[in-house]
Amino acid sequence: MHIDNIENLSDREFDYIVVGGGSAGAAVAARLSEDPAVSVALVEAGPDDRGVPEVLQLDRWMELLESGYDWDYPIEPQENGNSFMRHARAKVMGGCSSHNSCIAFWAPREDLDEWEAKYGATGWNAEAAWPLYKRLETNEDAGPDAPHHGDSGPVHLMNVPPKDPTGVALLDACEQAGIPRAKFNTGTTVVNGANFFQINRRADGTRSSSSVSYIHPIVEQENFTLLTGLRARQLVFDADRRCTGVDIVDSAFGHTHRLTARNEVVLSTGAIDTPKLLMLSGIGPAAHLAEHGIEVLVDSPGVGEHLQDHPEGVVQFEAKQPMVAESTQWWEIGIFTPTEDGLDRPDLMMHYGSVPFDMNTLRHGYPTTENGFSLTPNVTHARSRGTVRLRSRDFRDKPMVDPRYFTDPEGHDMRVMVAGIRKAREIAAQPAMAEWTGRELSPGVEAQTDEELQDYIRKTHNTVYHPVGTVRMGAVEDEMSPLDPELRVKGVTGLRVADASVMPEHVTVNPNITVMMIGERCADLIRSARAGETTTADAELSAALA
């Protein structure tokens, strides 16, 4: 059932409580509720997405930025980046899967294998994770030629039809620039290739968000309770450091209510809000908690550390001909290419948008247009690391988000971005784009040297809105990994995390489908633990009766 007024909830005790109805949280809650013997509550601060066309209709996604469905987090002043930038975080059921452009990728094998081999995240290699991608999807490409794809999962993946003539010309131009057409999500990592994306969208234009895919079908299920408009204030622990529930605040009157979990709580509020809630609950760097007068439950120095993102630049062009008036989601093509030899994954990705993108350029005086296109190079494995910190002990205050863009000592991130600007220009200048590429609006042909391009990037870069890694999983003995490989918060019991914050290293691609996969994996881990406890209890009972 769905409850948007906590006063109408009489029974406030559940077997499992999932805090955050986003990309992973919805998957966790739905999978746990498949067992009719357990009760599951899913708590979301934002509203229900059902009946909200600007959320459900994928081609309207850009309307949601800086809207009432966006937490809209400013970032701290950047020493080497764009301090005006804001991090869009969705405030609605489905989380960022209800707020994004639904670009759908399986993470490359190399990324997942590295999680295990380099960071000690046992059980997260590609061999273990890829069956979860298959389980969650109904993929248009599934069939005898692609047996790795799923055909019965809740999340619908489709191929963007090549209807945009500028996009088709752009892919021809990529080939002329040495970047061939390549199919995505085949199981082979595309190091150098371009094509129209796969997206998680249904045939009628509805986004296949985690809410649409996992929650809409089960809202009326007897053992499932959806609670919206309720913001988590603090996690609750008993004297043995077991997480027994969560204190939530209703948006109407600001009253605090307590929900109790008999078994486990799963925290799934994203790479910015998950470390915030842990720290408000006494789990985090001890010195930082003490600064804010918060009693330390667990000194966990890795909470809020290791913030990673995909920083993004933009090259904008006027179009010589009218651009498309309709699109699946306006950013339909991806381009991958390496900037140096010998890489097993591309260090540069670009998105092609059939729209202008002047969010960060107009304020600096760069010209704009209403008929143009954009190429947005981004750094797939940025080496800069940032932090998320508390602004105060007040749960209502936005956290301090400091991505520290372009601060890696080797200068890798800026080097790749400059190379990306140059590659975007090279592609747009190919003969195949002669009928489309007009004046370069930004950075403009005047910017040619590395120093000029670096100055442009620092002023105008954006984010692909992919923050990860702030509560990473890792080896049990690694004190900078707040989670063990089973997503359990170290130092307490009864608490797991499932969202983008758990990634020990960023993935090369758009991460949203991987975040859903993390939700699937978390549910499996919980069910396995429950099955083990049941088996042990049965054995103990049998021994007692013998």
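Backbone N, Cα and C define each Cβ position, glycine as well.
Note that the structure is a prediction, hence the values are computed from the model and not measured.
Under the heading active site, proton acceptor, Swiss-Prot lists His466. Annotation source Swiss-Prot lists FAD binding site at 23-24, Glu44, Trp71, 90-92, 96-103, Ala232, Tyr465, Ala500, 510-512. According to Swiss-Prot, the feature tele-8alpha-FAD histidine maps to His99.
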* **Candidate with sparsest Cβ neighbourhood (10 Å radius) among His99, His466, the listed recorded positions** => His466
* Structure fact -> Across Ser23, Asn510, listed as binding-site residues, the smallest other-CB tally within 10 A is for Asn510
* Structure fact -> So Val92 (FAD binding site), by the Cβ count within 10 Å over all chains shown, scores 28
* To do: Going by Cα-Cα distance, pick out whichever of the binding-site residues Ser23, Ser98, Ser101, Asn510 is nearest to the residue listed as 'active site, proton acceptor'.
  => Asn510
* Near Trp71 (FAD binding site), which residues of its chain come within a Cβ-Cβ distance under 8 Å, counting only those 6 or more away in sequence? -> Ala88, Arg89, Ala90, Lys91, Ile272, Asp273, Lys398
* Asked: Which has the fewest other CB atoms in a 10 Å radius around its CB: Ser98, Ser101, the listed binding-site residues?
  -> Ser101
* Ser23 (FAD binding site) to the residue listed as 'tele-8alpha-FAD histidine' - Cα separation in whole Å -> 10
* Measuring CB to CB from Ala232 (FAD binding site), give everything in the same chain under 8 Å that is also at least six residues away in sequence. => Val19, Gly20, Val43, Ala45, Val246, Asp247, Ile248, Val249, Thr269, Leu277, Phe395
